[in-house]
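Novice: As annotated by TrEMBL, transmembrane segment applies to A:73-94, A:106-126, A:138-157, A:163-185, A:197-215, A:221-239, A:251-270, A:312-334, A:346-367, A:387-407.
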(Lines of atoms letter the chains of each structure in order from A and count residues from 1; the text may use other names and numbers.)
(Lines give C-alpha, C1' and ligand atoms only; values in the text may rest on other atoms or scores of the structure.)
Protein backbone atom coordinates (compact mmCIF):
# COMPACT_ATOMS: atom_id res chain seq x y z
CA UNK A 1 0.00 0.00 0.00
CA UNK A 2 2.78 2.46 0.89
CA UNK A 3 4.55 1.70 -2.35
CA UNK A 4 1.38 2.42 -4.33
CA UNK A 5 0.84 5.71 -2.51
CA UNK A 6 4.45 6.74 -2.96
CA UNK A 7 4.29 6.12 -6.70
CA UNK A 8 1.14 8.23 -6.98
CA UNK A 9 2.52 11.07 -4.87
CA UNK A 10 5.84 11.15 -6.73
CA UNK A 11 3.93 12.37 -9.79
CA UNK A 12 2.37 15.29 -7.92
CA UNK A 13 4.58 18.33 -7.68
CA UNK A 14 2.54 20.49 -5.33
CA UNK A 15 3.17 19.71 -1.65
CA UNK A 16 -0.29 20.77 -0.42
CA UNK A 17 -1.97 18.65 -3.09
CA UNK A 18 0.14 15.62 -2.15
CA UNK A 19 -1.10 15.73 1.42
CA UNK A 20 -4.71 16.05 0.36
CA UNK A 21 -4.48 13.25 -2.22
CA UNK A 22 -2.64 10.94 0.16
CA UNK A 23 -5.33 11.28 2.81
CA UNK A 24 -8.10 10.52 0.36
CA UNK A 25 -6.40 7.56 -1.31
CA UNK A 26 -5.21 6.09 1.96
CA UNK A 27 -8.73 6.28 3.36
CA UNK A 28 -10.03 4.53 0.26
CA UNK A 29 -7.42 1.77 0.46
CA UNK A 30 -8.08 1.15 4.14
CA UNK A 31 -11.81 0.75 3.50
CA UNK A 32 -11.16 -1.59 0.58
CA UNK A 33 -8.73 -3.67 2.64
CA UNK A 34 -11.24 -3.82 5.47
CA UNK A 35 -13.95 -5.11 3.12
CA UNK A 36 -11.57 -7.63 1.61
CA UNK A 37 -10.75 -8.98 5.08
CA UNK A 38 -14.47 -9.33 5.80
CA UNK A 39 -14.78 -11.40 2.64
CA UNK A 40 -12.32 -13.85 4.13
CA UNK A 41 -9.02 -12.85 2.51
CA UNK A 42 -5.88 -12.86 4.59
CA UNK A 43 -4.11 -9.56 5.24
CA UNK A 44 -1.53 -9.80 2.43
CA UNK A 45 -4.12 -10.86 -0.13
CA UNK A 46 -6.51 -8.14 1.01
CA UNK A 47 -3.85 -5.46 0.58
CA UNK A 48 -2.68 -6.83 -2.77
CA UNK A 49 -6.20 -6.97 -4.18
CA UNK A 50 -7.04 -3.49 -2.87
CA UNK A 51 -3.94 -2.02 -4.52
CA UNK A 52 -4.69 -3.78 -7.82
CA UNK A 53 -8.21 -2.38 -7.78
CA UNK A 54 -6.81 1.14 -7.56
CA UNK A 55 -5.32 0.99 -11.06
CA UNK A 56 -2.01 2.37 -12.29
CA UNK A 57 -0.42 4.64 -9.65
CA UNK A 58 1.63 6.54 -12.23
CA UNK A 59 -1.35 7.31 -14.47
CA UNK A 60 -3.38 8.34 -11.44
CA UNK A 61 -0.58 10.56 -10.17
CA UNK A 62 -0.08 12.24 -13.53
CA UNK A 63 -3.81 12.96 -13.83
CA UNK A 64 -3.94 14.44 -10.35
CA UNK A 65 -0.77 16.48 -10.87
CA UNK A 66 -2.32 18.11 -13.94
CA UNK A 67 -5.34 19.10 -11.86
CA UNK A 68 -3.66 20.26 -8.69
CA UNK A 69 -1.28 23.04 -9.38
CA UNK A 70 -0.98 26.28 -7.48
CA UNK A 71 -2.86 28.97 -9.32
CA UNK A 72 -1.57 32.37 -10.19
CA UNK A 73 -4.09 35.17 -10.38
CA UNK A 74 -2.57 36.74 -13.45
CA UNK A 75 -5.24 39.38 -13.81
CA UNK A 76 -4.48 40.68 -10.34
CA UNK A 77 -0.72 40.53 -10.89
CA UNK A 78 -1.04 42.46 -14.15
CA UNK A 79 -3.34 45.01 -12.53
CA UNK A 80 -1.04 45.59 -9.55
CA UNK A 81 1.93 45.77 -11.90
CA UNK A 82 0.18 48.52 -13.83
CA UNK A 83 -0.93 50.32 -10.67
CA UNK A 84 2.62 50.15 -9.26
CA UNK A 85 4.03 51.58 -12.48
CA UNK A 86 1.37 54.29 -12.39
CA UNK A 87 2.30 55.06 -8.80
CA UNK A 88 5.93 55.55 -9.79
CA UNK A 89 4.89 57.84 -12.64
CA UNK A 90 2.59 59.90 -10.39
CA UNK A 91 5.17 60.25 -7.62
CA UNK A 92 7.82 61.15 -10.18
CA UNK A 93 5.58 63.92 -11.54
CA UNK A 94 4.92 65.10 -7.99
CA UNK A 95 8.64 65.00 -7.22
CA UNK A 96 9.52 66.98 -10.34
CA UNK A 97 6.77 69.54 -9.73
CA UNK A 98 8.08 70.36 -6.26
CA UNK A 99 11.78 71.20 -6.30
CA UNK A 100 12.07 70.82 -2.52
CA UNK A 101 11.23 67.13 -2.68
CA UNK A 102 14.11 66.34 -4.93
CA UNK A 103 15.07 63.08 -6.59
CA UNK A 104 15.37 61.37 -3.20
CA UNK A 105 11.55 61.36 -2.98
CA UNK A 106 11.30 59.50 -6.28
CA UNK A 107 14.13 57.09 -5.49
CA UNK A 108 12.70 56.33 -2.07
CA UNK A 109 9.28 55.65 -3.58
CA UNK A 110 10.69 53.34 -6.27
CA UNK A 111 12.68 51.51 -3.59
CA UNK A 112 9.49 50.93 -1.57
CA UNK A 113 7.59 49.72 -4.65
CA UNK A 114 10.33 47.25 -5.54
CA UNK A 115 10.65 46.08 -1.94
CA UNK A 116 6.86 45.84 -1.65
CA UNK A 117 6.59 43.81 -4.85
CA UNK A 118 9.21 41.43 -3.51
CA UNK A 119 7.36 41.12 -0.20
CA UNK A 120 4.12 40.51 -2.06
CA UNK A 121 5.62 37.66 -4.07
CA UNK A 122 7.20 36.20 -0.94
CA UNK A 123 3.92 36.25 0.96
CA UNK A 124 2.12 34.88 -2.13
CA UNK A 125 4.26 31.75 -1.97
CA UNK A 126 3.39 31.17 1.68
CA UNK A 127 0.64 28.77 2.53
CA UNK A 128 -1.77 31.20 4.17
CA UNK A 129 -3.30 28.40 6.22
CA UNK A 130 -0.66 29.11 8.87
CA UNK A 131 -2.94 31.98 9.88
CA UNK A 132 -5.56 29.44 10.84
CA UNK A 133 -3.20 27.97 13.42
CA UNK A 134 -1.08 30.89 14.57
CA UNK A 135 -3.21 34.01 14.12
CA UNK A 136 -3.75 34.54 17.86
CA UNK A 137 -0.10 33.92 18.64
CA UNK A 138 1.06 36.32 15.92
CA UNK A 139 -1.52 38.94 16.87
CA UNK A 140 -0.56 38.69 20.54
CA UNK A 141 3.15 38.83 19.83
CA UNK A 142 2.80 41.65 17.32
CA UNK A 143 0.52 43.65 19.58
CA UNK A 144 2.89 43.29 22.53
CA UNK A 145 5.87 44.28 20.41
CA UNK A 146 4.11 47.35 19.03
CA UNK A 147 2.87 48.36 22.47
CA UNK A 148 6.31 48.06 24.09
CA UNK A 149 7.99 49.83 21.20
CA UNK A 150 5.52 52.74 21.28
CA UNK A 151 5.62 53.01 25.08
CA UNK A 152 9.30 52.55 25.84
CA UNK A 153 11.31 52.98 22.65
CA UNK A 154 9.39 55.48 20.58
CA UNK A 155 10.96 57.11 17.56
CA UNK A 156 9.51 60.51 16.87
CA UNK A 157 8.81 61.54 13.29
CA UNK A 158 6.95 64.78 12.59
CA UNK A 159 5.80 64.79 16.21
CA UNK A 160 4.21 61.34 16.15
CA UNK A 161 5.72 58.60 18.31
CA UNK A 162 4.30 55.77 16.28
CA UNK A 163 7.51 54.79 14.48
CA UNK A 164 10.19 52.20 14.89
CA UNK A 165 13.64 51.96 13.38
CA UNK A 166 14.46 48.84 11.40
CA UNK A 167 18.24 48.42 11.09
CA UNK A 168 19.45 48.77 7.54
CA UNK A 169 16.04 49.85 6.26
CA UNK A 170 15.05 52.97 8.14
CA UNK A 171 12.04 54.12 10.09
CA UNK A 172 8.80 52.25 9.76
CA UNK A 173 5.38 53.31 10.93
CA UNK A 174 3.90 51.25 13.76
CA UNK A 175 0.44 52.41 12.81
CA UNK A 176 0.95 51.01 9.31
CA UNK A 177 1.93 47.67 10.79
CA UNK A 178 -1.27 47.72 12.81
CA UNK A 179 -3.25 47.36 9.57
CA UNK A 180 -1.88 43.81 9.38
CA UNK A 181 -4.18 43.12 12.32
CA UNK A 182 -7.01 42.93 9.79
CA UNK A 183 -5.96 39.73 7.98
CA UNK A 184 -4.76 38.35 11.31
CA UNK A 185 -8.26 38.98 12.66
CA UNK A 186 -9.65 36.84 9.84
CA UNK A 187 -7.46 34.01 11.13
CA UNK A 188 -8.55 34.66 14.72
CA UNK A 189 -12.21 34.43 13.78
CA UNK A 190 -11.47 31.11 12.13
CA UNK A 191 -9.75 29.83 15.25
CA UNK A 192 -12.89 30.49 17.27
CA UNK A 193 -15.16 28.89 14.67
CA UNK A 194 -17.98 26.93 16.28
CA UNK A 195 -17.32 28.19 19.80
CA UNK A 196 -20.64 29.94 20.28
CA UNK A 197 -21.16 32.96 22.46
CA UNK A 198 -17.84 32.48 24.27
CA UNK A 199 -16.07 32.51 20.94
CA UNK A 200 -17.77 35.76 20.02
CA UNK A 201 -16.74 37.27 23.37
CA UNK A 202 -13.12 36.36 22.72
CA UNK A 203 -13.34 37.65 19.16
CA UNK A 204 -14.61 40.97 20.50
CA UNK A 205 -11.63 41.20 22.84
CA UNK A 206 -9.22 40.49 19.98
CA UNK A 207 -11.03 43.10 17.91
CA UNK A 208 -10.46 45.76 20.55
CA UNK A 209 -6.72 45.17 21.03
CA UNK A 210 -5.46 46.80 17.80
CA UNK A 211 -8.20 49.43 18.12
CA UNK A 212 -6.86 50.33 21.56
CA UNK A 213 -3.25 50.36 20.33
CA UNK A 214 -4.23 52.74 17.52
CA UNK A 215 -6.16 54.91 19.94
CA UNK A 216 -3.10 55.25 22.19
CA UNK A 217 -0.82 56.46 19.42
CA UNK A 218 -3.16 58.43 18.96
CA UNK A 219 -4.58 57.62 15.57
CA UNK A 220 -8.32 57.97 15.98
CA UNK A 221 -9.04 57.39 12.31
CA UNK A 222 -7.09 54.16 12.34
CA UNK A 223 -8.80 53.01 15.54
CA UNK A 224 -12.17 53.62 13.93
CA UNK A 225 -11.10 52.02 10.68
CA UNK A 226 -9.81 48.88 12.37
CA UNK A 227 -12.99 48.64 14.41
CA UNK A 228 -15.14 49.04 11.32
CA UNK A 229 -13.37 46.47 9.12
CA UNK A 230 -12.95 43.91 11.90
CA UNK A 231 -16.53 44.51 12.93
CA UNK A 232 -17.69 43.75 9.40
CA UNK A 233 -15.61 40.55 9.37
CA UNK A 234 -17.06 39.48 12.72
CA UNK A 235 -20.57 40.28 11.50
CA UNK A 236 -19.99 38.20 8.39
CA UNK A 237 -18.75 35.28 10.46
CA UNK A 238 -21.84 35.51 12.66
CA UNK A 239 -24.08 35.78 9.61
CA UNK A 240 -22.51 32.65 8.10
CA UNK A 241 -23.33 30.74 11.27
CA UNK A 242 -19.79 30.34 12.53
CA UNK A 243 -20.87 30.92 16.13
CA UNK A 244 -24.42 29.59 16.06
CA UNK A 245 -26.06 32.54 17.74
CA UNK A 246 -29.23 34.37 16.77
CA UNK A 247 -27.81 36.51 14.01
CA UNK A 248 -30.33 39.33 14.03
CA UNK A 249 -30.08 39.88 17.76
CA UNK A 250 -26.31 39.91 17.88
CA UNK A 251 -25.87 42.09 14.81
CA UNK A 252 -28.52 44.53 16.00
CA UNK A 253 -26.85 44.84 19.40
CA UNK A 254 -23.32 45.05 18.01
CA UNK A 255 -23.96 47.71 15.41
CA UNK A 256 -26.43 49.59 17.57
CA UNK A 257 -23.81 49.98 20.29
CA UNK A 258 -21.08 50.62 17.69
CA UNK A 259 -22.92 53.54 16.18
CA UNK A 260 -24.15 55.01 19.46
CA UNK A 261 -20.86 54.64 21.32
CA UNK A 262 -18.59 56.83 19.15
CA UNK A 263 -21.27 59.49 19.06
CA UNK A 264 -21.51 59.32 22.83
CA UNK A 265 -17.72 59.31 23.27
CA UNK A 266 -17.35 62.25 20.90
CA UNK A 267 -19.93 64.32 22.74
CA UNK A 268 -18.61 63.41 26.20
CA UNK A 269 -15.00 63.74 25.02
CA UNK A 270 -15.63 67.27 23.90
CA UNK A 271 -17.62 68.27 27.00
CA UNK A 272 -15.27 66.55 29.49
CA UNK A 273 -12.05 67.36 27.58
CA UNK A 274 -10.94 63.77 27.14
CA UNK A 275 -9.29 64.71 23.87
CA UNK A 276 -6.41 67.00 23.09
CA UNK A 277 -7.49 70.58 22.22
CA UNK A 278 -6.71 70.14 18.51
CA UNK A 279 -8.84 66.98 18.41
CA UNK A 280 -11.75 68.76 20.09
CA UNK A 281 -11.46 71.60 17.55
CA UNK A 282 -11.49 69.08 14.72
CA UNK A 283 -14.50 67.22 16.04
CA UNK A 284 -16.49 70.41 16.47
CA UNK A 285 -15.43 71.72 13.07
CA UNK A 286 -16.21 68.57 11.16
CA UNK A 287 -19.45 67.78 12.97
CA UNK A 288 -20.52 71.16 11.77
CA UNK A 289 -19.82 70.28 8.16
CA UNK A 290 -20.41 66.51 8.18
CA UNK A 291 -21.78 65.38 4.86
CA UNK A 292 -20.82 68.51 3.02
CA UNK A 293 -19.08 67.51 -0.16
CA UNK A 294 -16.72 70.17 -1.39
CA UNK A 295 -15.55 68.13 -4.34
CA UNK A 296 -11.96 67.37 -5.25
CA UNK A 297 -9.59 70.25 -4.80
CA UNK A 298 -8.68 72.47 -7.72
CA UNK A 299 -5.39 73.45 -6.17
CA UNK A 300 -2.41 71.35 -5.28
CA UNK A 301 -2.02 71.19 -1.51
CA UNK A 302 1.04 69.96 0.31
CA UNK A 303 0.37 68.74 3.85
CA UNK A 304 2.97 67.42 6.29
CA UNK A 305 5.51 67.31 3.50
CA UNK A 306 3.33 65.19 1.23
CA UNK A 307 0.88 65.60 -1.59
CA UNK A 308 -2.38 63.69 -1.65
CA UNK A 309 -2.48 61.75 -4.91
CA UNK A 310 -6.19 62.28 -5.56
CA UNK A 311 -6.00 66.01 -4.89
CA UNK A 312 -2.83 66.37 -6.96
CA UNK A 313 -4.32 64.55 -9.94
CA UNK A 314 -7.63 66.38 -9.83
CA UNK A 315 -5.93 69.75 -9.43
CA UNK A 316 -3.28 69.10 -12.11
CA UNK A 317 -5.09 66.93 -14.64
CA UNK A 318 -8.77 67.16 -13.81
CA UNK A 319 -11.28 65.08 -11.89
CA UNK A 320 -11.43 62.42 -14.62
CA UNK A 321 -7.75 61.58 -14.12
CA UNK A 322 -8.29 61.18 -10.38
CA UNK A 323 -11.40 59.06 -10.94
CA UNK A 324 -9.63 56.75 -13.40
CA UNK A 325 -6.72 56.16 -11.04
CA UNK A 326 -8.96 55.54 -8.04
CA UNK A 327 -11.14 53.22 -10.13
CA UNK A 328 -8.15 50.95 -10.75
CA UNK A 329 -7.60 50.47 -7.05
CA UNK A 330 -11.32 49.84 -6.58
CA UNK A 331 -11.22 47.22 -9.35
CA UNK A 332 -8.38 45.52 -7.49
CA UNK A 333 -10.46 45.54 -4.32
CA UNK A 334 -13.50 44.13 -6.15
CA UNK A 335 -11.32 41.43 -7.67
CA UNK A 336 -10.20 40.58 -4.15
CA UNK A 337 -13.84 40.26 -3.04
CA UNK A 338 -14.49 37.96 -5.98
CA UNK A 339 -11.51 35.76 -5.05
CA UNK A 340 -12.73 35.58 -1.46
CA UNK A 341 -16.28 34.69 -2.47
CA UNK A 342 -15.07 31.76 -4.59
CA UNK A 343 -13.20 30.08 -1.74
CA UNK A 344 -14.59 26.83 -0.46
CA UNK A 345 -12.07 26.86 2.35
CA UNK A 346 -13.56 29.04 5.11
CA UNK A 347 -10.22 30.37 6.30
CA UNK A 348 -9.28 31.35 2.77
CA UNK A 349 -12.61 33.07 2.35
CA UNK A 350 -12.22 35.08 5.55
CA UNK A 351 -8.59 36.07 4.86
CA UNK A 352 -9.63 37.03 1.33
CA UNK A 353 -12.47 39.21 2.59
CA UNK A 354 -10.17 40.79 5.18
CA UNK A 355 -7.68 41.84 2.51
CA UNK A 356 -10.29 42.99 0.02
CA UNK A 357 -12.24 45.01 2.60
CA UNK A 358 -9.03 46.67 3.76
CA UNK A 359 -8.41 47.96 0.23
CA UNK A 360 -12.03 48.80 -0.45
CA UNK A 361 -12.74 50.74 2.73
CA UNK A 362 -9.39 52.53 2.76
CA UNK A 363 -9.93 53.68 -0.82
CA UNK A 364 -13.49 54.82 -0.12
CA UNK A 365 -12.44 56.71 3.00
CA UNK A 366 -9.63 58.34 1.08
CA UNK A 367 -11.98 59.42 -1.69
CA UNK A 368 -14.36 60.76 0.93
CA UNK A 369 -11.56 62.69 2.57
CA UNK A 370 -10.32 64.11 -0.74
CA UNK A 371 -13.87 65.17 -1.59
CA UNK A 372 -14.27 66.90 1.75
CA UNK A 373 -16.88 64.46 3.02
CA UNK A 374 -14.68 63.29 5.90
CA UNK A 375 -12.29 65.25 8.06
CA UNK A 376 -8.54 65.10 7.50
CA UNK A 377 -7.43 61.61 8.45
CA UNK A 378 -4.45 59.33 8.06
CA UNK A 379 -6.15 57.45 5.23
CA UNK A 380 -4.17 56.70 2.10
CA UNK A 381 -4.76 55.46 -1.41
CA UNK A 382 -3.41 51.88 -1.45
CA UNK A 383 -0.39 51.41 -3.75
CA UNK A 384 -0.41 55.02 -4.89
CA UNK A 385 0.05 57.28 -1.87
CA UNK A 386 3.62 58.13 -1.07
CA UNK A 387 3.99 56.73 2.46
CA UNK A 388 6.51 53.87 2.30
CA UNK A 389 5.19 52.00 5.32
CA UNK A 390 1.59 52.00 4.08
CA UNK A 391 2.84 50.92 0.65
CA UNK A 392 4.70 47.92 2.07
CA UNK A 393 1.73 46.86 4.20
CA UNK A 394 -0.56 47.12 1.14
CA UNK A 395 1.72 44.79 -0.81
CA UNK A 396 1.85 42.29 2.07
CA UNK A 397 -1.95 42.22 2.28
CA UNK A 398 -2.19 41.75 -1.48
CA UNK A 399 0.34 38.93 -1.21
CA UNK A 400 -2.02 37.21 1.24
CA UNK A 401 -4.90 37.62 -1.22
CA UNK A 402 -2.79 36.08 -3.96
CA UNK A 403 -1.87 33.23 -1.61
CA UNK A 404 -5.55 32.57 -1.00
CA UNK A 405 -6.07 32.40 -4.76
CA UNK A 406 -2.98 30.23 -5.24
CA UNK A 407 -4.17 27.52 -2.91
CA UNK A 408 -7.88 27.66 -3.63
CA UNK A 409 -8.00 24.16 -5.12
CA UNK A 410 -5.57 22.65 -2.69
CA UNK A 411 -6.96 23.40 0.72
CA UNK A 412 -10.20 21.52 1.31
CA UNK A 413 -13.47 22.80 2.64
CA UNK A 414 -13.79 22.25 6.36
CA UNK A 415 -15.85 19.48 7.84
CA UNK A 416 -19.41 20.33 8.65
CA UNK A 417 -19.22 21.02 12.34
CA UNK A 418 -22.10 20.65 14.72
CA UNK A 419 -21.83 22.67 17.86
CA UNK A 420 -23.51 21.52 21.02
CA UNK A 421 -24.06 24.24 23.56
CA UNK A 422 -24.05 23.17 27.18
CA UNK A 423 -26.23 26.07 28.10
CA UNK A 424 -28.23 28.49 26.07
CA UNK A 425 -29.14 31.97 26.98
CA UNK A 426 -29.57 35.38 25.59
CA UNK A 427 -29.42 35.13 21.89
CA UNK A 428 -27.96 31.66 21.51
CA UNK A 429 -29.83 29.31 19.24
CA UNK A 430 -31.38 26.39 21.09
CA UNK B 1 -19.50 -9.03 -20.15
CA UNK B 2 -16.71 -6.41 -20.35
CA UNK B 3 -17.93 -3.14 -21.83
CA UNK B 4 -15.75 -0.99 -24.06
CA UNK B 5 -13.83 1.67 -22.12
CA UNK B 6 -14.88 4.41 -24.52
CA UNK B 7 -18.53 3.64 -23.96
CA UNK B 8 -18.07 3.70 -20.19
CA UNK B 9 -15.92 6.81 -19.82
CA UNK B 10 -18.32 9.02 -21.76
CA UNK B 11 -21.15 8.38 -19.35
CA UNK B 12 -19.21 8.19 -16.08
CA UNK B 13 -19.66 11.88 -15.24
CA UNK B 14 -23.41 11.47 -15.64
CA UNK B 15 -23.47 8.34 -13.48
CA UNK B 16 -21.49 9.93 -10.67
CA UNK B 17 -23.67 13.03 -10.75
CA UNK B 18 -26.72 10.78 -10.58
CA UNK B 19 -25.41 9.01 -7.49
CA UNK B 20 -24.61 12.29 -5.78
CA UNK B 21 -27.96 13.77 -6.71
CA UNK B 22 -29.48 11.17 -4.36
CA UNK B 23 -27.13 11.68 -1.46
CA UNK B 24 -23.64 12.90 -0.51
CA UNK B 25 -21.06 10.15 -0.85
CA UNK B 26 -17.37 9.51 -0.44
CA UNK B 27 -15.21 7.89 -3.11
CA UNK B 28 -15.25 4.29 -1.95
CA UNK B 29 -19.01 4.43 -1.43
CA UNK B 30 -19.47 5.66 -5.01
CA UNK B 31 -17.48 2.75 -6.45
CA UNK B 32 -19.42 0.19 -4.35
CA UNK B 33 -22.80 1.71 -5.16
CA UNK B 34 -21.99 1.92 -8.84
CA UNK B 35 -20.91 -1.72 -8.88
CA UNK B 36 -24.03 -2.90 -7.09
CA UNK B 37 -26.53 -0.93 -9.11
CA UNK B 38 -24.95 -1.87 -12.44
CA UNK B 39 -24.79 -5.57 -11.48
CA UNK B 40 -20.99 -5.46 -11.67
CA UNK B 41 -20.90 -3.95 -15.18
CA UNK B 42 -19.22 -0.79 -13.93
CA UNK B 43 -16.07 -1.71 -12.03
CA UNK B 44 -14.62 1.73 -11.67
CA UNK B 45 -11.04 1.91 -10.47
CA UNK B 46 -10.17 4.44 -7.78
CA UNK B 47 -7.34 5.73 -9.96
CA UNK B 48 -9.96 6.74 -12.53
CA UNK B 49 -12.55 7.93 -10.04
CA UNK B 50 -10.55 10.46 -8.05
CA UNK B 51 -9.13 12.46 -10.97
CA UNK B 52 -12.66 12.57 -12.37
CA UNK B 53 -14.13 13.75 -9.05
CA UNK B 54 -11.47 16.41 -8.69
CA UNK B 55 -12.06 17.59 -12.24
CA UNK B 56 -15.79 17.82 -11.61
CA UNK B 57 -15.12 19.74 -8.42
CA UNK B 58 -12.93 22.21 -10.25
CA UNK B 59 -15.75 22.72 -12.74
CA UNK B 60 -18.04 23.45 -9.77
CA UNK B 61 -20.26 20.47 -10.52
CA UNK B 62 -19.47 19.11 -7.07
CA UNK B 63 -18.20 20.40 -3.79
CA UNK B 64 -16.36 18.50 -1.12
CA UNK B 65 -16.15 18.66 2.62
CA UNK B 66 -14.53 16.59 5.31
CA UNK B 67 -16.42 14.84 8.05
CA UNK B 68 -15.27 12.78 10.99
CA UNK B 69 -16.72 9.27 10.96
CA UNK B 70 -15.80 6.84 13.73
CA UNK B 71 -12.60 8.72 14.48
CA UNK B 72 -11.48 8.98 10.85
CA UNK B 73 -11.74 11.93 8.50
CA UNK B 74 -13.60 11.20 5.29
CA UNK B 75 -13.96 13.43 2.26
CA UNK B 76 -17.54 13.63 1.07
CA UNK B 77 -18.78 15.02 -2.21
CA UNK B 78 -22.09 16.74 -2.79
CA UNK B 79 -23.67 17.88 -6.01
CA UNK B 80 -24.04 21.59 -6.71
CA UNK B 81 -26.78 23.43 -8.52
CA UNK B 82 -24.57 23.53 -11.59
CA UNK B 83 -24.04 19.80 -11.21
CA UNK B 84 -27.78 19.16 -11.18
CA UNK B 85 -28.17 21.25 -14.28
CA UNK B 86 -25.41 19.28 -15.99
CA UNK B 87 -27.02 16.01 -14.91
CA UNK B 88 -30.35 16.98 -16.49
CA UNK B 89 -28.60 17.85 -19.72
CA UNK B 90 -26.63 14.62 -19.82
CA UNK B 91 -29.69 12.51 -18.99
CA UNK B 92 -31.60 14.12 -21.85
CA UNK B 93 -28.65 13.53 -24.18
CA UNK B 94 -28.41 9.93 -23.05
CA UNK B 95 -32.10 9.23 -23.61
CA UNK B 96 -31.90 10.63 -27.08
CA UNK B 97 -28.75 8.65 -27.84
CA UNK B 98 -30.07 5.40 -26.33
CA UNK B 99 -33.34 5.81 -28.18
CA UNK B 100 -31.55 6.32 -31.47
CA UNK B 101 -29.29 3.30 -30.96
CA UNK B 102 -32.23 1.12 -29.97
CA UNK B 103 -34.11 2.24 -33.00
CA UNK B 104 -31.22 1.55 -35.40
CA UNK B 105 -30.50 -1.85 -33.88
CA UNK B 106 -34.17 -2.70 -34.11
CA UNK B 107 -34.32 -3.66 -30.45
CA UNK B 108 -37.51 -3.56 -28.49
CA UNK B 109 -37.63 -0.54 -26.16
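Placement of Cβ uses the backbone N, Cα and C atoms for every residue, glycine included.
Source: prediction; values computed, not measured.
Surface or core, plus neighbours and distances: that's what I need for these features.
Specialist: Among residues of the same chain six or more beyond the transmembrane segment (A:73-94), those with a C-beta under 8 A of the stretch's C-beta atoms are 101, 105-106, 109-110, 113, 116-117, 120, 307, 309, 312-313, 316, 325, 328-329, 331-332, 335-336, 339, 383-384, 386, 391, 398, 401-402, 405-406.
Listed by sequence, the residues of this chain that lie at least six past the ends of the transmembrane segment (A:106-126) yet keep a Cβ under 8 A from its Cβ atoms are 80, 84, 87-88, 91-92, 95-96, 386, 388, 391-392, 394-396, 398-400, 402-403, 406.
Non-local neighbours of the transmembrane segment (A:197-215) in the same chain are 136, 139, 143, 146-147, 150, 175, 178, 181, 185, 188-189, 222-223, 226-227, 230-231, 234, 237-238, 242-243, 245, 250, 421, 425-428; each lies 6+ residues outside the stretch with a CB under 8 Å from one of its CB atoms.
Tertiary neighbourhood of the transmembrane segment (A:221-239): same-chain residues 175, 178-179, 181-182, 185-186, 189, 193, 200, 203-204, 207-208, 210-212, 214-215, 245, 247, 250-251, 254-255, 258, 262, 350, 353-354, 357-358, 361-362, 365, 377-379, selected by CB-CB distance under 8 Å and a gap of 6+ residues from either end.
Note on the transmembrane segment (A:387-407): residues 16, 70-73, 76-77, 80, 87, 108-109, 111-113, 115-117, 119-129, 131, 170, 172-173, 176-177, 179-180, 182-183, 306, 332, 336, 339-340, 343, 345, 348, 351-352, 355-356, 358-359, 380 of its chain, located 6 or more positions outside it, place their CB under 8 angstroms from a CB of the stretch.
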